[in-house]
Every structure is written in C-alpha cells, then in structure tokens.
Amino acid sequence: MNFDHILIRYGEMALKGKNRRSFEQKLQRNLIRKLKAYPATKIKKTKDRMYVLLNGEDPHEVMEICRKVFGIHSLSFAVKVEKSEEQLKEAVLLAFNDAKGARTFKISAKRSDKEFPIPSQELNPLLGGHILQNTEGVTVDVHHPDVEIKVEVRNDAAYITAQDYPGAGGLPVGTTGQSLLMLSGGIDSPVAGYLTMKRGVDLEAIHFHSPPYTSERSKQKVIDLAEQLSNYGNSIKVHVVPFTEIQQKIAREMPEGYSMTITRRMMMRLSEKLADQRGILSLTTGESLGQVASQTMESMSAINDVTNYPIIRPLVAMDKLEIIDVSRKIDTYGISIRPYEDCCTVFVPKAPKTKPTKENANYYESSVDFSQDLDKALAETYTIELQDGKRLHQEDEFKDLF
Amino acid sequence: MIYLDNSATTHPHEEVLRSYQKVADVYYANPSSVHRFGSEVERLLQQSRTQAAQLFGVHSREVIFTSGGTEGNNMAIKGIAFMHQNRGKHMITSSVEHPSVMEAFRALESLGFEVTYLPVDSEGKVQPSDVSDAMRKDTILVSIMSVNNELGTIQPIREIGQIVRPFPKAFFHVDHVQGLGKIDLPIKEYAIDLCTVSGHKIHGLKGTGALIVQNNVSLFPLLHGGGQELEARAGTENLAGNVAFVKALRLLLEKKEDKRAHMSSLRNQLWHDLIENQQVVINSPKNGAPHILNFSVPGYRPEVMIHALGEEDIFISTKSACSSKEPDVSAILQACGLNSDRTTSALRVSFSYENTEDELRTFVQTLNSKIEKLQATMGR
C-alpha cells in the first residue's frame, strides 16, 4: 500500500472573498505546470481544498515539488482504501510511518457512512492499537500528539490522512501583478525576488552588464540565479542592459564622490523606462538599510528621487545573516558567492559619499545630457527567458555531448 | 571473441568515445582560465556536473568527479578518517570488500585507526545485526559495497543505512562500482553519505568516475592544489572524461529495465546449463546481481581454465582482476567459509547487456570440452 493522493490546504488565500476563484485557478495552473514531469498526476478541486491524485507517481517526489509552490499553507499524504478493518489498519500504519521520528500520535476517526459496522469511538482504539502493536516506544497522546492521523469513513471509501507538511506559504504567483527585479549577481537581489514572488508577484528582471569590465561569467551567474528563481514561480525574463558606455561617461564626467549615487540613479531611470515599456507597475530591489554606502537613508532618498514608481524592498529590515539563510534555503547562495565582478564593484570610488543629497546629484547631472545614452542602452537591451529552472529558446550547444 | 569479463572492465560505447574525442578536441581550455574560452569550458563542466547529479538524484554540489573506483574509495575512506579522527577512530567494513577499500583500511590501521571487519555468510552477505553490534560511540565510518565484485552478492544497503542513520558521528560509504546500473540505489532514501562509482565498468572510459558526497559531509582532500572539484580534489579537470562518464551513465540508464531483464535471463540460462555438468559448483547466490556468476570446478586450477578458454577467444576471469596477482585462492570465497576445493578453483563470468544467448551457449560447450580434455591431468 502507498499514498495515492496529496491533500493541499490553502491558508491565507482562503480569506480572499471574491478573488478566491481566480486565486484557486492560478494555484491549480501553477501546480499543473510544476508537475509536468509527472504526467500521471491530476489536480482535483473541491470546495475548500485541492488534491493531487498521484496515479502511481512517486509520492515523495511530487510532495517535494508541491512544497515549493507558493499559495499552499500545508500538505498531507493521504490514501483511499476499501472500507475494511484490514485495509484501515494497514493505512493508518502507513500514515504513522510517514512521520519520521514521531513518538506520540492520535487517531481522529469520523464515520459519515453509518452503514459501516464499527462506530468511530471504537475505530480510534482499534486502529491506534494496531500502530502500538507494530511499533516500539510509541504512545498515544490525544492532547499534544507528534502526529495526528485522520480517518474518514465515507460512503464511497475510507480516507486516511497523514501528518501535515508545511507548504511554501504566500500567494499563488501571478495573482498580485508584476514587478521588475533589479538583479545583480549578489546574495540579496535573488532573495528579494524570491520573497516578492512569495507574495504572488510575477517577476521580470533587469541586469546591467558592462563588458569588458564585467565578464561573460558574471552575466552567466545572473542567468543562473534567474534560472534558480524560476523554480519558484512562472517564467522569468531577464533583460540585459549594456551599461558600459554610461558607466564610462559617469566616471569621466561626474565627480568621483557622486559617481556611485549617479550610477544608481541611471539604473533606476533605465529600470523605470523598461518597466513602463513592459506595462509593469513596480520595481523590486535587494536593498537592505545600512548595508553598504548606497543603502544609507540619504543614499536611498537621493537614488529614489528619480522615479515615482513604487519600489518593493523586501529585505529593507532584514539582517545580512537572515538574508543568507534564505538564500541558502532557495539554493541561490552557492551561485551568488561565485567570485566574479559585477558592474557595481568595478567603478567603486575610493570614498563614495554615504550622505549624498538629491540637490547635489541633480546639480551634477544637469551639466551633462544622458538621455541619448539611456535610450541607446535600452534599444540595445536583449532578453533571456527562463522557466522551471531551464533557459528557454536556447540552442543547447553541448546537448549531443551528453 | 566472446568477452565475459565485464566486471573487470567493459568495451567503451562508441558514443562515449565520440563525446570524449569531441570535448578533448574542441573544449580543451582550462575551465579555471579567465578568458572567454575558459568560461565556455567552465560552463560545460558545470553542465556535466548538473547532468550527473540529475542522474544520481542528488544536488550538483554533491558530485565530485574522480579517476574511478579506487580513487573514490580512497577519497571517501581516508577523507573521512583524516577529517573526523577527533570524533573517533573506529571504522567498520566487511571482509569481502574490494582491495581499494580493504587496503585503505589496512593502511589506516597502521596509523592507529581501529577497524572492524564484519564476517559474511556463505553467500557473502553482511548481516545487518552484525553492523548494529559493531557500532560504537566512536565509530566514524561504515563502508559496505553494494554488489560484491566476485560473487555478485547484493548487500542489504537499505537496512545498514537505517542502522547507521541514528549515529550522528558515523558516515555511511557505499562502494557502488559493481552495482551501478545493475541494481537501484537511491542515495538519499538509503541514507548513504558517500557513494563511489566508476565509468569503465559501464561502457565508459578508464580514468573516469565520481564520488557522490552528501552536502553536509566534509572530507579531508587527498589532493591539494587549485581548489578544483568543490575544493575536494585539486588538479585540472578531466573534462572530456567527465563528459564521457555522464554519457556512459545516460546510455546505461536508457531502457535499464530491459537491460537488466536481458542480463538476468542470460544468468539464468548460464546457471541452468552449467549445473548440468556434475563437476561444476555454483558459488554465486541465486538472487545476486544480474551480471555476475561465479562457479568452481574443483580440482581444476582456474588459471589453466582461463588460458584454455583463451585459446578459443573466450575471456572470463578468476577473481577480481585487481587481486589476480596473488595465488589462486579467493579471499572472498574464503570469507564465505567455503572449503578449499572451491576457493582455489573459482571462475567468474560477468556479462553486459551486449552479450547474447548464443555466446553463453558457446561458452558452456567450450568449457565442458576443456574440462573433459584436462581431465587426465587435473580431474580427480
């Protein structure tokens, strides 16, 4: 006997009144896409739950995938069996064994089929007794059990549900609109992207590439990060902006102490223009207050001055170590720490202003016209698309080798 | 030619050779080089690691490419011993391991480590209860092979994994060189911390292979240098070899059920045909790996049999090629408690999915006629 379906509970999205239907549909569609590699699976929706019918696919592999999908509060393995004492016994033992290391348990039996000869008060000790007989050092605890096993005897069959696994939480990706993530190669921006996706946001990303100051490897790193992020949501388009000429012009014509601030302002302007072109209503950054010179209150104010788009900063109040924890969890850390230069580290002034003012920045910028440079960079921007951990539309030059 | 020594090594698949040649020819840059050519080659290296990881069901951080089984076993055993000796100096293995495991442990004994060599039953099998009994607080490593190279015995790896799992200080290493492709070994599910595999046993190339090392396991490297292979094995990567290994792995796993079924049916046929000859005694267990059949012809020196068959272009072996330089007695069969009639006359036939029923029929006929011819000088 093995589990034949996975029960999915929604959590927060259950509260969303009228939107609920579209939320459910989104979740269902996201699940279907993520489970493409398991073609026998089917998603079934009932009033307030969703079920993945396994139809012979590996329960644990499917569970692993579902646990990464946003919009799910918790999940449990479940099995549908014939209404016989033997089958019920086997099923509760299977359900108990799923909770590795559990020492205490509780059985909650419900009998909606009154034809079934054993009443629920008798089912609990009967099935619990079977677990006790087949395990060592395990006890019943009806108040604080390590695992609660639910048994429902219905008209068509009996259903046994094992322990709860926490889901990824959040909202189904695609239910709360789009944002443009400013993606560098560092640790923070992928985490910011992940957390934004968790709130149901569909991401596109913008990356500034400055060859030959930054290498192919540093661009590849960003693509790999986006590829990893795409495992958690829908497809991600990475827009790569050629940024060399603008950086050179800033280095040449702007005062050194302000070059960092002005570089950021240019990036912000380009991001806003691109978002506008794409019909995206907000920007997302990995800024965390006080972390580096560009992320002081003064810097943020001076940089933010060039746009009135909402900027989502999920990390703004997080500590570096907390950010690193998330980045390890989502498997971007190993990519982020590859040692290649990014465009922000190439032209770092020796002493960047930590307290720039927008007045000064505006004053310096007013002496030089950057508008054509920005338009040119945007015109030469190219796009790479990633989905479910793979790059789309790419000739795989190594394919025949493997 | 009838080649029945596939446990010693296999014929490289032509697609494997083609991949090797192309990578060696086209992508020869050093992946650590800064230039674009280097970065392209580095990307290929990363891809080969990702692909290997997928095929093993692990994370790409968990694949270390090696030069093969001997290196993988040494890297795992010595790497754990040197890295974790402050936690304890006791290790457990079986008495039927491959020399690259056995000798690594013997060497560590000479450095003050304590090693328990578990006994096996008459089929060469380790008893899980013996592992339980041998576990101690200072045990840092348990190393058991998945499939025995001389007998084809399949060890109870899942059960042993469950025994080792609750001991936080102990790591579990499996020498999976003979088992790769022949039996399933879900690394995570079986709680295996380190797993050695080799390319040339699966129609890949000599000098290729990998050690799978679970994420949380740290090893003391055998080779220090430029930090290649995730700091675990320095030296410029053998990228062509790595790619060729992945190719061999992919080919192996294609239609693996069909291949296994074919080998099993060959083995059954051979078993049947062999026991018709009263002088033959089978040593392998009935439910062993599908590609190895070990038997003895008591009274007949195996080396003479090998040469006699060789005259007819049929190639089988005595025991593991790696220990063939010693006299005829098989230490593995000895450990199984077989009498000297059998331990000194053992022959091993090992096939691949490429062998045919006809080849095995010819082999048995030839064997029988050679036994008859040699009767006068060797038979009892």
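Positions of Cβ are set from backbone N, Cα and C atoms, glycine also.
Between the candidates A:Arg154, A:Arg264, A:Arg265, A:Arg328, TrEMBL assigns the ATP site shared with A:Met182, A:Leu183, A:His207, A:Phe208, A:Gly286, A:Gln295 to A:Arg264. In terms of DSSP helix, strand and coil, the domain 'THUMP' (A:60-164) has 35 helix, 34 strand, 36 coil. Sequence-distant neighbours of A:Leu183 (ATP binding site): residues of the same chain at least 6 apart with a C-beta under 8 Å from its C-beta are A:Ser189, A:Pro190, A:Gly193, A:Ala205, A:Ile206, A:His207, A:Val222, A:Leu225, A:Ala226, A:Val238. Across the residues annotated as binding ATP (A:Met182, A:Leu183, A:His207, A:Phe208, A:Arg264, A:Gly286, A:Gln295), the two Cα atoms farthest apart lie 19 Å from each other. A:Gln295 (ATP binding site) counts 21 other C-beta atoms within 10 Å of its own C-beta, drawing on all protein chains shown. For A:His207 (ATP binding site), the Cβ neighbour count at a 10 Å cut-off comes to 26, with all displayed protein chains included. For A:Met182 (ATP binding site), the same-chain residues 6+ apart in sequence whose C-beta sits under 8 angstroms from its C-beta are A:Ser189, A:Ala205, A:Ile206, A:Met267, A:Ser271, A:Leu283, A:Thr284, A:Thr285, A:Gly286. In the three-state DSSP scheme, A:Gln295 (ATP binding site) falls into the helix class.
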